[in-house]
Amino acid sequence: MTCFQTIAVIGAGAWGTALAAVAARAGRDVTLYARDADHASHIASARENPRLPGIPLASRIAVTADLARAARADTVLIVVPAQHLRGAVMHVAPLLAPGTPLVACAKGIEHGTHKFMTEVIAEAAPCATPAILSGPSFAHDVARGLPTAVTLAAPDEALAAALVQALGSPTFRPYHSTDVRGVEIGGAAKNVLAIAAGIVAGRQLGASALAALTTRGFAELVRLGRAHGARSETLTGLSGLGDLILTCAGPQSRNFAAGLALGRGEPLPAGKLAEGQYTAPVLVELAAARGVEMPVAQAVAAILAGAVTIDAAIEALMLRPFKAEE
């Protein structure tokens, strides 16, 4: 198994730049790819990404708009939003050496196909080896070198362990796993549940309500994960419970911020949609196909679709039939 000395990061946003810093701290030679040549040139000359201000780029990070140059790396991190993953992978796929690990660093489910991130990679780049990195991590914390732990999953345990060795450092601790689907479900479900948490905060329903919502939401995440064969230790680990706790903690999460605006009756934050807005209806359909009850996720999907008011959704959740806790 290769030591993955060279690592490319496709996507020069805040999260991509933070992961480039992670790889550099781990002693790897890093290529950070930006599709926009002007953006790449600015980062390269300023040695700072305006999307991650105050964080100087390490000397080991080269910045380029040349995708072929990035594709020569031993492993490639794909750091683009979930709904843009297929396009990014299709562009880089013809340039990759056979078997190159492609690590998805997005959390979500592809709209329209209902495919998880590693499934998208497998379809768009059959020559590559899919993997997934997920867990409780905000870009600015990671870029600053604050202690962070995540999960990195691949079907082959030796590959997952080698990727962990390539990225791990005293400030960034990945745990390896072969439970790819469990990791993906945790990342996708928590986006939707974070919108619900934001709504609770925006409505000023109190800390007790937020705790109840987070706990019952986690029960939904676990039910869906188990229906897809996920392992309990994955769902209760960093990529499941850990990420849910972080994302429900405050407006630094784009999904929580979207829910907060909804709860306050304000327009949704300008710019890109929160990933949970795409994922909510897909998550509900996946749950229905497996006979899994996800009332909180259903409520979020209905609110986003304009099918129910927030107050009516809250009332419906509170008036569900009483039952034993599970």
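Cβ coordinates are placed from backbone N, Cα and C, and glycine is handled just like the others.
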Per Swiss-Prot, member of LYS107, LYS323 binding sn-glycerol 3-phosphate alongside GLY135, SER137, LYS190, ASP243, SER253, ARG254, ASN255: LYS107
Site with most surrounding Cβ atoms, counting all protein chains shown within 10 Å, from the binding-site residues LYS107, ARG254: LYS107
For LEU273 (NADPH binding site), the one of GLY135, SER137, SER253, ASN255 that lies nearest, given that the binding-site residues are compared by Cα: ASN255
Packing count at LEU273 (NADPH binding site) (other Cβ atoms within 10 Å of its Cβ): 15
Cβ-Cβ neighbours of GLU275 (NADPH binding site) (radius 10 Å): 25
The one of ARG35, GLY135, SER137, LYS190, ASP243 whose CB sees the fewest other CB atoms within 10 Å, among these recorded positions: ARG35
Per-residue Cβ crowding (10 Å cut-off), top of binding-site residues SER253, ASN255: ASN255
